[in-house]
Each structure stands twice: as C-alpha cells, then as structure tokens.
Amino acid sequence: MDAPSRSHLASPILVANYRSLPSFMYRDSLPEAAVSPQLLALNTRLLETLEQDLAWFNSSDALEQLSGKTYYGSNLPFALAYSGHQFGGWSPVLGDGRAHVLGQLKTAADELIDVQLKGSGATPFSRGGDGRATLGAVIREYLLSEAMAGLNISTTGSLAVIATGEDVWRNGAYPGAILVRTAKSHLRVGSFQYAAVHQGPEAVKTLADFALAQYYPELSHDENPYQALLAQVIKGQAELVAQWMLVGFIHGVMNTDNSSITGETIDYGPCAFMDEFNPNKVFSSIDSQGRYAWGNQGAIAQWNMARLGETLLPLLDSDEAKALEIAQAQLGDFNRLFAEHFYQGMARKLSLDASDPELIPFVDSTLQLMTNTRVDFCQFFNALTEYHSTHREQDAGLVALFSTEAFPSLSSTPAQLLQDWLSQWQAKACDSQAALAAMIKANPKFIARNHKVEAAISAAEQNNDYSLFLDMARVLANPYVLAEQDKHYQDAPTPDQRVKQTFCGT
C-alpha cells in the first residue's frame with residue numbers, strides 16, 4: 001500500500017470533533033492506500049438513514065477516500081488512543097491498531113456520525129501488526145452489523161466493503177479488504193481508562209465534558225452531570241446486552257475497549273449467533289475459560305461499567321467515600337435494569353404478561369427446557385409463534401424440534417418435556433392481538449447463521465463470488481419478513497456445517 005495524497009475535491013466527510021480533545025487522545029496517522037481498490041458493497045440503506053448523497057458515495061472520488069488513497073483538504077485521518085481490560089487482564093496502551101477515523105458525516109438533524117476505515121494499515125498503536133484486514137473478516141462484520149441493525153439493536157454501521165487488491169498474510173494468504181464503518185461515537189470505556197491512567201482526573205474531566213456535550217447534552221445541566229453520565233452509559237449497556245441475549249447473540253470479546261459509551265454494539269470479531277441453545281456457549285477461539293459466554297454477558301457488562309465508574313470517581317464527589325457510594329449506587333442499578341429488559345423481552349417472545357409475578361421463574365424454566373433439549377434458539381421461538389398464531393392448532397413445526405431421542409442425562413424424552421412445558425405455557429399465554437403482534441415482532445425469522453456467513457465468506461474469498469454475501473445482507477436487513485426464496489436462511493446447520501469456533505480475523 002502507498003501513502004494517500006491530499007484531495008481538494010468536495011467531500012461530505014467533515015473534520016472530526018475529536019480534534020477538540022487533547023492530542024494525547026489520538027495520533028495523526030495516514031492509511032496505507034489500497035493498490036487496486038474495488039467497491040464490493042455500498043450500504044444504500046444506511047446512507048439513506050443518514051440522509052447522505054448516494055451519488056457522491058458511488059463516485060470515484062469517494063472510492064479514493066474510502067480506500068485510503070486520498071484525504072480531503074486539511075482533514076488528516078487519525079487513530080484513537082485507549083486502554084483496556086482484555087479478558088480481565090490490564091493493557092495500559094491499546095488504541096486503533098488497524099483503523100483510521102476519516103472524519104464525520106452530518107445528518108439533516110445536525111447529528112455527527114463517525115466515518116472510520118478498518119483494515120486500512122498500520123498506526124502508531126499497531127504493536128507490530130500490519131493493520132490490515134482479510135476480506136472474510138470484513139464480510140463477517142458487515143453481515144453481523146447489518147443483522148443487528150435489522151433487529152433494531154443499537155450498532156455501529158457498515159457503510160462499504162472495499163477490496164484492496166492485495167493479499168493479507170495470516171495462517172496463509174487471504175484477499176485483503178477495508179471496512180468503512182460508521183458510529184455515533186468511537187469512545188469506549190477504555191478511552192476513559194486511558195485518560196485516567198496516563199493523564200489523571202483533569203483529562204478524564206475533559207473527556208467526560210466532551211462526551212456530555214456531544215452525545216448527552218441534556219445531561220450537562222444536571223445537578224451532578226458526571227453521575228448522570230455514568231447512569232446513562234449503564235442504562236445503555238444494560239439494555240444493549242439484554243437485547244443481544246434475547247436473539248442468542250454472543251459478542252465474544254467484551255473487553256472494556258469494546259464497550260461503547262453510546263450503547264452501540266462495536267467491534268464484531270469472533271461474535272456469533274447461537275444455533276442450539278446453551279447458556280454456556282462460546283465461539284471465540286481465545287475464550288478458553290468461557291468468560292464471555294452467552295449467560296455471562298450481563299455480569300461482564302456490569303464489570304465493565306464498574307471500570308468506567310472507577311475513572312469517574314474524582315468527578316462524582318471531592319469526598320472519596322461519597323464518590324464511591326455514588327458510583328456503587330449507580331452500578332447497583334445495572335442488575336435491575338438488565339433483568340427488566342431481559343425478562344420483559346422474554347415476555348414478549350413468549351406472549352406472556354410482563355406483570356405476572358411468576359414471569360421470572362417461568363422464563364428460567366423455559367431456558368432450562370431449551371438447555372436440556374438442545375433446541376435451536378431461533379427456531380424454537382419461531383415455531384412457538386407459528387403455533388400461537390394458528391390458535392394452537394398447528395404444532396407440527398414445534399413438535400418436530402423436540403423429536404430427537406432422549407439424552408442419557410434426562411429422565412424424559414424431549415417430546416415429553418415439551419408437552420409438560422406447553423401445558424404450563426398455555427395457561428399463561430396472552431391471546432390478544434396486541435400480544436401476538438408483540439410476539440411476532442420479538443421473534444425474527446432470520447439471524448446471521450454461522451454456517452451461512454461462512455459460506456458467503458468462502459464463495460467471496462475462493463471464487464470472487466459476492467452474490468451470497470450480498471443476498472444474505474439483503475435478507476438480514478429485514479429479518480421479520482419471510483419470502484419463499486429466502487426460507488433456506490432459516491435452516492439450522494447440519495452436523496458437518498456446524499461452526500464450532502470463530503476468530504478475530506482482522
């Protein structure tokens with residue numbers, strides 16, 4: 001890759017407001033220009049949502065900038081600095097090792113949206129890495145982030161996939177690519193940790209004031225704005241992680257440097273959606289202890305929020321004991337908020353009354369049924385929705401999911417366990433049209449099935465065939481709409497298709 005040149009052609013990408021921060025929070029860094037860039041995917045849905053000029057993003061000028069070949073005027077790209085706890089271990093200096101912030105887009109409502117290149121070459125934070133990304137890793141993030149957007153779960157956006165025309169060496173040669181990513185913010189818990197450990201409380205105050213002004217201006221005039229900021233980030237993370245779990249999503253690397261202060265899902269590495277249900281399920285090849293398993297994600301998010309609270313202590317109160325008391329009170333709210341979002345979400349998925357005092361034990365017993373029978377997560381809720389929508393007359397699809405032989409550890413067959421559970425559910429299920437509509441809306445027809453994602457990646461990497469990738473992106477953008485030709489995306493993997501591990505491929 002070559003160094004980019006400066007362009008004086010008009011661009012909608014503005015100078016990023018991060019440059020108002022102290023310079024220790026970022027480093028100027030030029031992308032390594034792609035040798036032979038090719039636009040493989042442009043997310044017109046996202047561009048329309050952000051109210052951007054489609055013509056410009058389809059132009060050769062856009063391809064030059066988004067592939068790192070040029071930058072506009074004095075708008076020098078940069079890499080953000082941050083620290084992080086990675087799998088619980090402290091890393092004082094991390095930062096964007098393979099990403100460059102180009103600037104920001106402005107929406108019609110004057111909201112600023114970050115534009116970042118991922119896989120665009122080495123930065124001062126690369127720590128010996130090449131800063132590049134494989135096409136497979138870029139396709140994975142594009143598909144998974146589109147799936148989350150389609151599910152109405154807060155996420156960074158994938159604006160474009162650009163092939164670089166060069167191979168990237170990992171455990172072999174793979175085609176290289178750049179992901180153009182958008183976000184409300186790229187500030188993380190790790191950003192506050194970096195400010196605290198390297199510059200101290202005044203730097204944390206500067207960063208917190210920036211976050212309040214840019215993302216939560218309504219909190220700036222609060223009696224204690226820093227307490228309000230902590231409370232808002234906690235609230236956002238509690239809701240976000242509950243939403244992940246309600247669709248069987250496992251992030252895989254919930255480090256503090258991957259915990260957004262604006263409540264967005266960020267950094268899709270070894271993430272995946274579950275097929276058969278297992279609360280202890282992990283996919284990440286490096287999560288050998290199961291730290292970030294599906295069922296641990298709420299507790300880990302709270303742990304990350306505690307690390308944010310530690311950085312804000314000097315701002316919460318001048319009295320250290322009182323500051324700690326304030327932080328602990330806010331962190332104590334996490335479990336309530338998380339449980340509220342999770343169990344109310346499960347009530348919608350099961351067409352139950354959220355105010356039922358027996359809701360929590362019944363949901364827990366449902367999850368135990370799913371664990372014992374290893375039923376497919378998404379298919380179970382879809383089959384139950386179909387059964388409920390036919391006035392509980394057509395149960396063939398539901399029964400078929402539990403038609404396997406008895407497991408040695410169970411005293412009853414899966415079919416018997418289902419019937420026992422169904423009798424309890426039928427006594428509790430709400431029959432109103434509103435409840436059924438909420439149930440349908442809570443249970444997507446499609447998730448980003450791992451074996452389907454891998455098939456799309458394989459076709460692209462091995463045969464330069466992007467049709468599977470683009471078709472899957474289309475389906476995932478509308479996961480509640482089932483067309484006949486798309487039904488195969490609902491299929492669970494056969495034993496030989498099952499993806500057992502995922503990797504941080506970028």
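Don't overthink the numbers, they just go from 1 along the chain as shown.
Placement of Cβ uses the backbone N, Cα and C atoms for every residue, glycine included.
The Cβ of ASP257 (active site, proton acceptor) lies under 8 Å from the Cβ of TYR82, SER83, GLY84, HIS85, GLN86, SER91, LEU94, ARG188, VAL189, GLY190, each of which sits 6+ residues away along the same chain. Sequence annotations record features per position, and here Swiss-Prot assigns active site, proton acceptor to ASP257.
If you take the C-beta of ASP130 (ATP binding site) and look for same-chain residues 6 or more apart in sequence within under 8 angstroms, you find ARG98, GLY121, ALA122, VAL168, TRP169. Residues or ranges marked as ATP binding site by Swiss-Prot on the basis of sequence analysis: GLY95, GLY97, ARG98, LYS118, ASP130, GLY131, ARG181, ARG188, ASP267.
In sequence order, GLY84, ARG188, GLY190, HIS251, ILE266, ASP267 are the residues near ASN258 (Mg(2+) binding site), counting only same-chain partners six or more apart with C-beta under 8 A. Look at Swiss-Prot and you will find ASN258, ASP267 tagged as Mg(2+) binding site.
Long-range contacts of the region 'Disordered' (487-506) within the same chain: residues 98, 118-119, 133-134, 136-138, 140-141, 170, 252-253, 269-272, 275-276, 283-286, 376, 378-379, 382, 445-446, 449-452, 454, 472, 475, each at least 6 residues beyond the stretch ends and with a Cβ under 8 Å from a Cβ of the stretch. The region 'Disordered' annotation in Swiss-Prot covers 487-506.
Residues listed for ATP, GLY95, GLY97, ARG98, LYS118, ASP130, GLY131, ARG181, ARG188, ASP267, cover a largest CA to CA span of 23 Å. If you draw a 10 Å sphere around the CB of ARG98 (ATP binding site), it holds 21 other CB atoms from the protein chains shown. Residue counts for the region 'Disordered' (487-506) under DSSP (helix as H, G, I; strand as E, B; rest coil) come to 4 helix, 1 strand, 15 coil. Taking every protein chain shown into account, ARG181, ASP267 are the binding-site residues, and of these the Cβ with the most other Cβ atoms within 10 Å belongs to ARG181. Neighbour list (GLY95 (ATP binding site), Cβ cut-off 8 Å, at least 6 residues apart, same chain): ARG27, ALA79, LEU80, ALA81, TYR82, THR123, PRO124, PHE125, TYR194.
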